[in-house]
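Undergrad: Dumping what TrEMBL says about this protein:
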| type | residues | note |
| --- | --- | --- |
| DOMAIN | A:26-61 | domain 'EF-hand' |
| DOMAIN | A:109-144 | domain 'EF-hand' |
| DOMAIN | A:150-185 | domain 'EF-hand' |
Amino acid sequence: MGSTSSTLAKIPNAEDLMQETGFTPAHLVRLYDRFKVLDKDKKGFLTPQDFVAIKELAMNPICDRIIGAFFTSGGETLDFPSFVRILAHFRPIDKNRPKEPTSPDPINSRSNKLKFAFQLYDQDKDGKISRHELLQVLRAMLEKQVTEEQLESIADRTIQEADLDRDDAISFEEFRKSLEKVNIDHKMSIRFLR
Amino acid sequence: RGFAGAVVYVWLSVVLGLIVLPAMFGVSLGFTDLYVKALVKTLEWATLRIQRGQKEEDAVPAHLPNGIIEKDDGSMEEEIGELRRSHPKSLAGGDFTLCDAFYFCKKGIESIVEDQVTQRFTSEELASWNLLTRTNNNFHYISVRVTIIWGLGVFIRYCILLPLRVTLAVLGLSWLVIGTTLVGLLPHSNVKTWISDLIHVTCYRICARALSARIRYHNKENHPKKGGICVANHTSPIDIVILANDGCYAMVGQIHGGLMGVIQRSMVRSCPHVWFERSEMKDRHAVAKRLKDHVADKTKQPILIFPEGTCINNTSVMMFKKGSFDIGATIYPVAIKYDPQFGDAFWNSGKYNMVSYLLRMMTSWAIVCNVWYLPPMSLQDGEDAVHFANRVKSAIARQGGLVDLFWDGGLKREKVKESYKEEQQKMYSSMIVGQD
C-alpha cells in the first residue's frame, strides 16, 4: 500500500537531507512530489523555465530574482537536494533547538533568512547593496507605475536611512540593523499544514 | 460448454432483469442505496482501525484543508503594512522600505511550494483512507485485518463489479446507438420526440448503474426548461451522465472520430444536438449563431454547457468563458459536487487517457454526488457578459461549497498575461508613492 515511507525510499540521501534541512519525512515527501509535478518533462532536474511556468510566480514582480536565488552561479539545472536546501530557509525557526556555540547556524536561522533576502537585492554578491542594485529592485517592483525621478529619490532616501557608515551602499550588517524589529520568523517562513 | 453457456445466460438475465429493466422505467430497486450504506459502515470501521494505529502522528483533521501550506489571507496592503509597523522610523504616506521585498519573496516561495492553479488539477486528498490503493498517501500499513478487507475490496471491485459495470456500459451505449438510429427513421412528430427522450434517458440511467452512481437532485423545481442554457461546473465526462439522468439536454461539443463519433452521429438523428466540426469551433460568431438558433426554437431541449472549458478537480470553480453568457438566453446554473469518499471522479486528462479514466471509474466503490438546480438567471441591464458569467460562477461555487477562483482553467496550458504582473505592480506602487 502506497505510503510516505515508500516515497521516502525513492529520495536519494533522504536521511542526510532531513538532518541538514530539518524537514520532517512527511514534508520532504511533499516537496519531492511537488518537485516531480514541476518537472513536467521528467528530466530529473528543474530549469528556470519550469519555475516560470508557475502562474502565480510569473506574476510576481521579483519573479526573476527569486528564481535566480535557486540557480546560483549561473547554472541551468536544479536537482532535488538543492531545491530543498533553498526552501529550507523558509522553515519556521525552531525555538526549541539548543544553542550550541560550535555548531553552525541552521539553514532557517534568522540570520540566514536575512541573508537570503539580502541576496535578492545584492545581485553581484559583493556583500553590499549599491544604489544601482537598489534601483534595479525598485524598477522590478514598480516598473511603469512611477517615473525614473521618483525611483531615484526613493533609492536615495532608503540608502540615507540605512547607510550608517556613509559609503553609499548598504552592507549586510546595516541591512540587518535596519530590520532588527521586523518579525522575520513570521514574514519569511512557510508553515506546512500537514 | 453447456455450463459456460448457462453461466452467461444467468448472468445476462440477472443484469437485464434486475438492472436494465428497472432502469428503463426509472425504478430503483434500492441496491445502490444498500450498497452505499454497507460501504459507509465498512469505511468507518477501517478509519477507526487506522486511527488507532496512528500513534506518532498528530490527529488528522476531519476535513483536510485543500493545500499543504498555511497562507496568510491578507491583502498586499495589510501584509506590507504589518512588515513596516515594526520598522523603527514611522514613514508617513508610505515610502519604500527594505522589508517590502519580503512580502513578494514569501509569496513567490509559497507559489513555488504550492500554487492555486496546479493544485486544482490534481485530485483532492482524503482525510481518511477509503481502501483504494490510489488514494493512499498518508497511511502506512496498519494491521492484518485492514489489509484483508482491502484485499477483499480489490477482489470485489475488479472481479465482480468491473465485469458487471462494463456489461452495463456496453448495453447502455449500444441501446443508445441502435435506439436513436431507429427513431431517426420516424417522421417528425411529438411521438418521435417522446420516444427519443425515453431512449436517451434510459441509456443514461443504465450508464449511471454502470458507475454505481447515487445521485441526489435538489430543488428540482428549478430544472432547466426548453429554450434555456444549462451551465454547470465541470469535473469529468461523467457529469453528462449525472445531469442527463434527470432530464434531456441538447449536448454541445466537437465531433470526434471513432466510437465517440459514432455515438454523436446517431444521437443527433433522433433529436437535435449541437455538434461542431473542429474548424467551426474557432469561429466564435458561427458558434454563437448556432447556439442562438437552437435556443430560439422552443421545441428543442435546453443546451448543456460547461463554461470552464476543462475538467477541474471539484474543489473549486474556475473562470467561466463568456461565450454562452452572451447569447441572451436564460441561464439555469447547476452545481455538481462529488463525494470523494467513494471514488475520485476528477479526470486528470494530462495523467490518464479516457480509457484508463473509465477503468478507474469502474473500479471505484461508487460515485456519490449531489446536484443542485439553482434559480434561473438572466443578463441584467447594463451588465456585460463577463460580469454575468462571474455572477453565475459565484452562485454555483456558493451552492456547491466550492472555492470561487478567478483563474482561467486554460492557464494550465498557456502563459500568464503581462497584465497580471502589472496589477501587482500597480497595487504596490500605490503604497509607495500614493495615488500620484
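Backbone N, Cα and C define each Cβ position, glycine as well.
Give me the lay of the land around each of these features.
TA: With a threshold of 8 Å between CB atoms, the same-chain residues lying at least 6 positions outside the domain 'EF-hand' (A:26-61) that come near it are 4, 7-8, 10-11, 14, 17-18, 67, 70-71, 76-80, 83-84, 87, 140-143, 192, 194.
When DSSP labels each residue, the domain 'EF-hand' (A:109-144) comes out as 26 helix, 3 strand, 7 coil, counted as helix, strand and coil in that order.
Listed as Cβ neighbours of the domain 'EF-hand' (A:150-185) (distance under 8 Å, sequence separation of 6 or more from its ends, same chain) are residues 92-93, 110-111, 113-115, 118, 121, 127-131, 134-135, 138-139, 142.
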Undergrad: So what's the average pLDDT for the domain 'EF-hand' (A:26-61)?
TA: 86
Undergrad: Give the residue counts of the domain 'EF-hand' (A:150-185) per reduced DSSP state, in the order helix, strand, coil.
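TA: Each residue of the domain 'EF-hand' (A:150-185) counted once, the result is 22 helix, 3 strand, 11 coil.
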Undergrad: How many of the residues that make up the domain 'EF-hand' (A:26-61) does DSSP mark as helix, as strand and as coil?
TA: 22 helix, 1 strand, 13 coil
